[in-house]
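Data block below; observations after.
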Amino acid sequence: MPTETEYDPSLGSKFVFVTGGVMSGLGKGITAASLGRLLSNAGFDVTAVKIDPYLNVDAGTMNPYQHGEVYVLDDGGEVDLDLGNYERFLDEDMTSDHNVTTGKVYQDVIERERSGDYLGKTVQIIPHVTDDIKRRVREAAEGSDVCLVEVGGTVGDIEGMPFLEALRQFSHEQDDEDILFTHVTLVPYSKNGEQKTKPTQHSVKELRSIGLQPDILVGRCEDRLDPDVREKIALFCDVPMDAVFSNPDVEDIYHVPLTVEEEGLDQYVMEQFDMVEDALPAAQRSTEWRDLVTRERTGEVDIALVGKYALEDAYMSIHEALKHASLEAGVEVNVLWVDSEKMHDHHERRIADADGIVVAGGFGSRGTAGKIDAIQHAREHDVPFLGLCLGFQLAVVEYARNVLGMTGAHSAEIDEDTEYPVIDLLPEQYDLEDLGGTMRLGAHETAIEPGTLAHDLYGATSCTERHRHRYEVNPEYIDDLTADGLTFSGEAGNRMEIVEHDDHPFFFGTQFHPEYRSRPTRASPPFVGLLDAVLERADVAPAGSDADVEVTN
């Protein structure tokens, strides 16, 4: 119990701390997000915090090959992609404060030391760093009933030690009934088909050595845990058997909440938190999620995703936005990966076979020629096209070159010496030296021209979407660009935000990233429009047909 001088737990939420063992990439974030979805359905206000134990202040300058996509929040925060999963599952907008990194913590502690806030004390990991971690978690949890806190990495990683120590202290400062430690661990099969518990036992042993005892164990496995395996885990890890849960592989991450519900994890958490009486009766809880993910699909379409990072996580939000649109349209979407650097290999065939084309954003010159070729194919063959950020900019470049005759037209980012810089640096970017957090970031409003495709998609004269860019359409070329069929149907002040083609069934580009605001229960309008155009244009094969389609996810 806390003393009078310690934190008052009555001011905060219930906390579920989620750690991972054995190996990274187990899906502890999806497990936590699924639990959060079910608690939200039960009528509780749920939020989430992702702890990333790296020294980067944020994810903004990290290589997508190493870390996956940089996810952008409304407030301009460039954060871990797991925050995207929390937003999609909880249908709540997060802030930069919901992503805690070692870099943020150390930066703040050092700045406070320099300003004399510590009054001459020796600044140490304990208590100064751990106190800052606890402060950040509690501030992010304000106003919620339940706060899910995911600790990135694996128990035992040296980078995560200060955070786990902070959680150990947290458990002593908080009432016992207000905190649960949930440990997600791997339960692999042996070669003879036996589920092995030893990795879990060793992982829990490591957690205990830090001073943390898990209250709940979730076994990630190919199939549900056998009863005798659950019993063995409970015995050797010192948790009740009814606190050992399975989280088996499923065909789609949006089915995980259904699995978690069947396992009873949400009910167990509510019981431990003494929240059952405050929860909505089961009959009154929303079934929207279940209805969506179990909805029958009546066809399938192939969408080519053109980008330069050969890693699915680098374009996670685009994949998910396509999935959300497919849930609304009632079709299966097969994503055909197209490496924009290999357009003239077998990838060119995928462009030709695709029912629709999405050209992703990115930075730098690598792969831009392939993206321009894909855009030209979409424009000339009336293939439904959606360009995002750089995809929007290159759609303007392609049109300038191949329709308006501006030979060599390009973005100044790619070719500083181009005769026709139809895409140029934002004016406010010229004097900046730092890369981190200096782009045009976050949610900005776009005015939409009535009577346009954009107006049809959004059903309004404005929209608010998230941005992440340094370059824009050069205002000096707008009159030339719009002289013959190209329309900028969305603007933010003097900035061009949306482009469309009057003589094309669906040629649509956005300077912003609509994928960041797409949710399973609220699909992004541009992605819905893309699939609608595909379905209008193509004969869609019945779901489960024997059509020979090459699919690369």
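These residue numbers are counts, starting from 1, taken along the chain as shown.
Any Cβ shown, glycine's included, is placed from N, Cα and C.
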Among G36, G356, G362, G442 - the residue Swiss-Prot places in the same L-glutamine site as Y65, L390, G391, F392, Q393, E413, R470: G362
Which of D82, D91, D93 belongs with G25, L26, G27, K28, G29, I30 in the ATP site listed by Swiss-Prot: D82
Listed in Swiss-Prot for the CTP site shared with D157, I158, E159, K196, T197, K198, P199, T200, Q201, K232, one of S13, S24, S365: S24
Among Y65, G362, L390, G391, F392, Q393, E413, R470, the record's L-glutamine binders - longest CA distance, Å: 23
Between Q393 (L-glutamine binding site) and H513 (active site), the C-alpha gap once rounded to whole angstrom: 13
L26 (ATP binding site) and T200 (UTP binding site), distance between Cα atoms, whole Å: 13
For UTP: widest Cα to Cα gap among S24, K196, T197, K198, P199, T200, Q201, K232 in Å: 23
For G362 (L-glutamine binding site), the number of other Cβ atoms found within 10 Å of its own Cβ: 21
PLDDT averaged over every residue in the region 'Amidoligase domain' (1-275): 92
For D82 (ATP binding site), nearby residues of its own chain (Cβ under 8 Å, 6 or more apart in sequence): G29, K50, E150, G152
Largest inter-residue Cα distance among G25, L26, G27, K28, G29, I30, D82 [record-listed ATP binders, Å]: 13
